[in-house]
Amino acid sequence: MASCQRYDVAIVGAGIAGLTVALGLPSDWRVALLTKGRLGESNTRYAQGGLAAALGPDDSPALHYADTLAAGAGLCDAAAVRLLVEEAPAAVRWLIELGVRFDRAAPETSTEVTTADGLLLGQEAAHCRRRILHAGGDATGAEIERALLAALMERRHVTIYPDTPVCALLLDETVAGCRGLLALDPQGLPIVVEARDIVLASGGAGNLWAYTSNPAGATADGLALAWRAGAALADLEFIQFHPTVLKVNGTTHLISEAVRGEGAYLRNHAGERFMLRYHPLAELAPRDVVARAILSEMLAEGTDCQYLDLTHLPDERMYARFPTIAALCRRHGLDLAHDLLPVAPAAHYCMGGVLVDLQGCSTLPHLYAVGEVACTGVHGANRLASNSLLEGLVFGRRLAAVLRGEAPAHSSGAGGRQQRELRLSLATAQAEDWPLPPDWVGPEELAQALQRELRDLMWRSVSLYRDEDGLREAWRQLQQLRARFAGAARPRAPREPLGRRWLETLNMLDSAALVIHAALERRESRGSHWRRDYPQPDPSLNGVSLVLRPAPAGQRAAESTRDRTLQPKGRPYV
């Protein structure tokens, strides 16, 4: 029998979003913080880019708001964006009070753009002003996580569960909502955590694709957990592919947006600065534009990369500004300032997620979501650079206030975004008994092989360029993978551990099915979702999110129904 622990709030995930929520809860509450890896291992730690906030002398939240809406390609929730940009300055000050050491201009430097108190402001793509705060040059996420963890260590009310992946969310029919979770201890044995409220802050889904900027733990766990519990998800077709990961020696490593913000060029194999042909902002165009341009050049040339060129920029300034990236280049025999760096796009960020209102409430009572796993509508169809850390921070602080009872439990409405609902089951002819019980076990070797095959098929057919034939073939192949997984699964014996890779594979298979289905249903091109067979935006889908809801029990995917009624995003939920 699984052991059971009881808390006021249980938080799944220990990046910027989860840590911010935990730090905002009262000291007399019992709080559980679960992370499937070691504490400090999250997407936040690897964030080279910065944190956007309108702090400069020529900047304003209104300009930040306009840039975010423009990048979002007609799909942002205006109310969510307004909240994000207006609360950003106060959130930054809170981080500074916690001890985050943002970069400051040298006293003798007069040409840098800074805040009134000397914080250095950087430029990144699609921002009309210098408004990006960095720390350690290109180690912003690591510095923020360091400070948040240091503050957390002083809070005795938070019980930390490292190396504890979550298998399932537990429902309580008496309250018609979520009241706990089933997790695995470090030995792979089940434990139950009961709580009044559950917060998903589990991060992203980059490892659904063969090439990604994300660390290995980004396996879409939160999406799958919420879906299997019955929560609605939205905008899953919108996956951001970062334009520039260093592609060398069979590995991929993120090269921050800030490198282009400081003046780096993109060149093809002929040496041409090709972005001038694709967008008036050239290298500073929105990420979806730059990523597709790079891929177009690669396809035209038959090559596997393009080149990032910093050779025209001051050497010492680049080494000082990007010490982490410079060290990464040296490890691979490259010089940041003197060599052309081979780069290519890679899966980076999921704009969609668990559907929530402006307070973080999901469609399932007592289940909340925040950060990359959530879909507030703040990013629309394409996230603006350096708004992701900001989202986790702003909405994490807001959710903590909701849980404390200092903010309304539901928003009164949102900025005009509409919903088109899709009812979907993941049961198919190949996997009729889906979903499998979350604590079933199977061979880890098979799980590893299925993950590799899944990533390859998602990269081939569900990445930067998509079309009906490719997506339907991806769906067909996915069902074969799921059938192999289901065929090898069996009930767990008493005291038998459940492997983390097996659990992650289950989550990846479920989440990939949801992404493919959403990509099939959006028959247009918008932001990061690009359909070769529908190359233009559909005006009837301006401001319309596709919302996936679990179909009634027994209904298969082929029988999925579509509710074409357009509904305002503002909700009470029913």
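Cβ atoms are placed via backbone N, Cα and C, with glycine included.
Noted in TrEMBL for the protein shown:
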type	residues	note
COMPBIAS	526-535	compositional bias 'Basic and acidic residues'
DOMAIN	8-389	domain 'FAD-dependent oxidoreductase 2 FAD-binding'
REGION	526-574	region 'Disordered'
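The list of residues near the compositional bias 'Basic and acidic residues' (526-535) in space but at least 6 beyond its ends in sequence, with Cβ under 8 angstroms from a Cβ of it, reads 71-75, 237-241, 287-288, 291-292, 351, 380-382, 464-468, 519, 541. Across the range of the compositional bias 'Basic and acidic residues' (526-535), the DSSP-based residue counts are 0 helix, 4 strand, 6 coil. A mean pLDDT of 95 is what the model gives for the domain 'FAD-dependent oxidoreductase 2 FAD-binding' (8-389).
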